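Accompanying notes for the structure given below.
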């Protein structure tokens, strides 16, 4: 299970948090409802610590989760889980205050209430802002550190547990809070400078379909990558958004790399029409675990649209020393990126076969009745909906099939 270590990390942190809070002794006598409120607050704080740690795109953490696409799924649901606990904690605190005749109105309590509201608003924006430009969405997303900091302050100064004395609880809360705040500040102020170490310039731009371009980038430092991986690209051209976006590597020796970009949204459409040769760029990466080399001798490849790119990267570097069957789905002949290359590769390599599926002329690609040979690995890359459809099909009909896929969504 490729996410096992990541899941173990999450349950380990949350389990240890729960145990430490249960075993801790409050500084004053409190009712069970208040104790439960504190435990839920502690779990939410550790959940948010994990949210910020997962956002750093740390390579080791990415490996533990089997790719950034999985990291971001857990990042999203941990945020929802943590905010839900914060909301419940707030309601329990109100009940405790009523039982104890109103409770005390303090600055830390006010910070806690404001942080709770701000958390809920920012998480809702992050979840339901599909039409918001990524650069604006990213700014709102980074603001999550503000309610997190308010929550840490609230925890220290409103808690019925003494977090300023030396104890397992104070050490744990202090350590996770410090690491969470550090991760948030790193992403806010230092990530763009620290991780975009590869600098270069765009030396060539080719239009490879009616809506796709292939750009050649000359790098100052050689990028060591595996076929199937992707990078985050920052473009320094006036009028083009500077926020980094992920693109699959479609070839190159590392000193020169090629990225293939399809105009799907406002940003990529602008790149297709306005990007210029000579433009300076920087890269973070490589990321991704779509490793064809480690796959078995028989492989089934399924590509949708621009999802053909990681497969092209492998084919450009290798002759077909494995038996590979590729199904490539696209809409309209003019959108068939690298079709000529694939036809020539098939002609030159008898162990490679390609099947083109033009959904403008025929039904969508499906595998009803397809006989998957024993010992065949399945690789899928394309739109999220397509990945889910085909991966579910093969998991359901071929219990022993090994299925690998790469999908990425910012929001």
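Cβ coordinates are placed from backbone N, Cα and C, and glycine is handled just like the others.
If you look up TrEMBL, you'll see 195-293 marked as domain 'FAD-binding FR-type'.
Positions annotated as transmembrane segment by TrEMBL: 7-24 (among others).
For 36-55 (among others), the entry in TrEMBL reads transmembrane segment. Sequence-distant contacts of the transmembrane segment (36-55), counting only residues of its own chain at least 6 positions beyond either end whose CB sits under 8 Å from a CB of the stretch, comprise 9-10, 13-14, 17-18, 20-22, 26, 30, 61, 71-72, 74-75, 78-79, 81-83, 85-86, 88-89, 92-93, 96, 144-145, 148, 151-152, 155, 159-161, 173, 176-177, 179-181, 183-184, 187.
The transmembrane segment feature in TrEMBL is assigned to 67-88 (among others).
Summarising the annotation, TrEMBL assigns transmembrane segment to 108-127 (among others).
What TrEMBL records for 139-157 (among others) is transmembrane segment.
Residues 13, 16-17, 20-21, 24, 42, 45-46, 48-49, 51-53, 55-57, 142, 144-145, 148-149, 152, 155-156, 161-163 of the same chain sit 6 or more residues outside the transmembrane segment (169-191) yet have a Cβ under 8 Å from a Cβ within it. According to TrEMBL, the transmembrane segment annotation covers 169-191 (among others).
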DSSP says what for the domain 'FAD-binding FR-type' (195-293): how many helix, strand, coil residues?
9 helix, 48 strand, 42 coil
Mean pLDDT over the domain 'FAD-binding FR-type' (195-293): what is the value?
89
